[in-house]
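This report refers to the structure that appears directly beneath it.
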Amino acid sequence: MNEQEVNALVERGEMLPLMEDFYTIQGEGFHKGTAAYFIRIGGCDVGCHWCDVKESWNAKLHPPTGVDQIVEKALKSSKTIVVTGGEPLTWNMEPLTSRLKARGAKIHIETSGAYPMTGTWDWICLSPKKIKLPTPEIYEVADELKVIVFNKHDFQFAEEQAAKVNRNCILYLQPEWSNREKMMPLIVDYVMQNPQWKVSLQTHKYLNIP
Ligand SMILES: C[S@@+](CC[C@H](N)C(=O)[O-])C[C@H]1O[C@@H](n2cnc3c(N)ncnc32)[C@H](O)[C@@H]1O
Ligand SMILES: Nc1nc2[nH]cc(C(=O)O)c2c(=O)[nH]1
Ligand code: SF4
Ligand SMILES: [Mg+2]
């Protein structure tokens, strides 16, 4: 295949810049503790200064991979799939999710919501970012809202975002990893004062697993 043909397939979501894929335990949010196969798609231009996968940002560093190949490999390990990145909604997620769905998988997404929704999902984790806000449509379909708390201004941002989600959406505050010692006591107090929120920790980092 020449470069133009590959680009055309990436454009349609038939190929995706795959950074890594691995079977692990979902560490964060509502499904923490659940075994799941992670598919990490490269490419993100949101630019969070504390992002823990900056290597994912440049899509060109990650080989365009056919979605059928991604699906076959994933389903050998698990029927619970987490699509993350990078920012997966940079790409058309329809081909990947429809193929996974046809094979009976449960498909979850980790997204900032910064780009329009594509694909069909069983669980949507929306982690909004101040520097590139979610598109309005995603608030209605988000199953969980997971706001990263790096400093105390983030509590106000969390409330602004919570005011936009649907009423069944589960609300999480997750400490930014490098600042967790400082922010964790504030998060604990905040959640006790505002019990509509729950704490989410990056438990995989404590367990030393991917
Ligand atoms: C790496 S992002 C990829 C998916 C998507 N771009 C997003 O931000 O939701 C996966 C999750 O990790 C969170 N995250 C990234 N860096 C983090 C950090 N340093 N501390 C805590 N959570 C972090 C994100 O907010 C998101 O919920
Ligand atoms: N174990 C594990 N759980 C996770 N939950 C969300 C992750 C992500 O980077 O999207 C992640 C991750 O990278 N590893
Ligand atoms: S949106 Fe997600 S992948 Fe992109 S920089 Fe922020 S945390 Fe990292
Ligand atoms: Mg991660």
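Glycine is no exception: its Cβ is also placed from the backbone N, Cα and C atoms.
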Among G13, G86, find me the residue TrEMBL lists at the same S-adenosyl-L-methionine site as W50, C51, D52, S127, P128, K129.
-> G86
Top of the binding-site residues C44, C51 by count of other CB atoms within 10 A is C44
What same-chain residues, at least 6 away in sequence, bring their CB to under 8 Å of the CB of I25 (substrate binding site)?
-> K32, G33, T34, A35, A36, T203, H204, L207, I209
Hey, what's the Cβ neighbour count for P210 (substrate binding site) at 10 Å?
-> 13
Cβ-based neighbourhood (8 Å from the centroid) of the substrate site, residues I25, Q26, G27, R40, T84, P210 excluded = F22, T24, E28, A36, F38, V82, H204
